[in-house]
Amino acid sequence: MNDLSNYRKSYEKSELLETNIPEDPINLFNRWFHEVEDFGGSGEVNAMTVSTIGLDGFPKSRVVLLKKFSEEGFIFYTNYNSEKGKAIEANPNVCLSFFWQEAERQVIIKGIAQKTSEIISDNYFDSRPDGSKLGAIVSHQSEVIPSRTFLEENLKKLEAEFEGKPIPRPENWGGYLVTPLQVEFWQGRPNRLHDRIRYTSQSDFSWTIERLSS
């Protein structure tokens with residue numbers, strides 16, 4: 001067994017105080033997102049973990065890329081027939097989490113996922129490189145396949161079929177908008193006394209703000 005008990009570090013880069021936060025979590029997320037960009041580092045700042053409850057009753061998490069956020073919520077794109085797509089269809093309650101190690105920050109978002117409009121999905125699909133478009137068509141995500149060669153051969157066929165032609169978005173591929181119900185911001189602090197601020201959505205579209213113990 002590998003003993004990792006000595007793996008630890010002190011978090012000392014910043015703080016999260018009630019006197020310096022907005023009333024709306026999206027505004028704070030926007031601030032943090034761009035501050036993390038300024039920190040630099042090798043990771044993708046828009047990489048997030050999407051957690052769903054599968055048809056087997058077990059939670060499952062995977063990393064996907066956030067493609068847009070606004071007051072309405074958070075948008076990502078995927079194959080609707082994938083394991084995550086089927087899970088969301090059965091149970092739209094999802095959790096998004098961001099861990100920005102270079103800034104010693106984490107954001108956890110609980111919300112409801114629903115498909116974006118076809119126009120939004122079409123517009124994003126049209127912005128993708130042709131190789132990514134064809135990849136979305138050729139890959140029946142989460143299905144068992146005989147080999148990687150199977151995918152590569154099917155991709156070559158599609159490349160020949162669509163050479164010089166527009167590539168349409170497949171109906172089973174598109175976006176999800178996650179409407180946030182609760183957003184927690186975590187800032188690492190010394191001695192494990194981390195700052196945790198939680199926003200919870202109210203029926204009048206306002207947010208309650210609470211500090212949580214670390």
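Note that Cβ sites are derived from N, Cα and C of the backbone, with glycine treated the same way.
Residues or ranges marked as substrate binding site in Swiss-Prot: R8, K9, S10, Y11, K67, Y124, R128, S132, R192, L193, H194. Annotation comment: Swiss-Prot describes R62, V63, V64, L65, L66, K67, Y77, T78, K84, Q106, Q141, S142, W186, R196 as FMN binding site.
A count of other CB atoms within 10 A of each Cβ picks out Q141 as the most crowded of the binding-site residues S10, Q141.
Each of the binding-site residues R62, K84, R128, R192 was scored by the number of other CB atoms within 10 Å of its CB, and the largest score is that of K84. Between H194 (substrate binding site) and W186 (FMN binding site), the C-alpha separation comes to 7 Å.
Remark: L66 (FMN binding site) has N46, A47, M48, F74, I75, F76, L96, F98 as non-local neighbours, by Cβ distance under 8 Å and separation of at least 6 in sequence. Rounded to a whole number, the distance between the Cα atoms of K67 (substrate binding site) and Y77 (FMN binding site) is 8 Å. The Cα atom of W186 (FMN binding site) lies nearest to that of R192, taking the binding-site residues R8, S10, R128, R192 as the candidates. Of all the binding-site residues in the list R8, S10, R192, the shortest Cα-Cα distance to Q141 (FMN binding site) is found for R8. Rounded to a whole number, the C-alpha distance linking K67 (substrate binding site) with K84 (FMN binding site) is 17 angstrom. Sequence-distant neighbours of V64 (FMN binding site) (same chain, 6+ residues apart, CB-CB distance under 8 A): A47, M48, V50, F76, T78. Under the DSSP three-state reduction, K84 (FMN binding site) is assigned to helix.
Burial estimate for the binding-site residues (R8, H194): highest at H194, by number of other CB atoms within 10 Å. For the pair formed by R128 (substrate binding site) and K84 (FMN binding site), distance between Cα atoms is given as 21 Å, rounded to the nearest Å. Residues R8, K9, S10, Y11, K67, Y124, R128, S132, R192, L193, H194 are recorded as binding substrate; their most distant pair of Cα atoms lies 44 Å apart. Site extent for FMN: the farthest pair of Cα atoms among R62, V63, V64, L65, L66, K67, Y77, T78, K84, Q106, Q141, S142, W186, R196 sits 36 Å apart.
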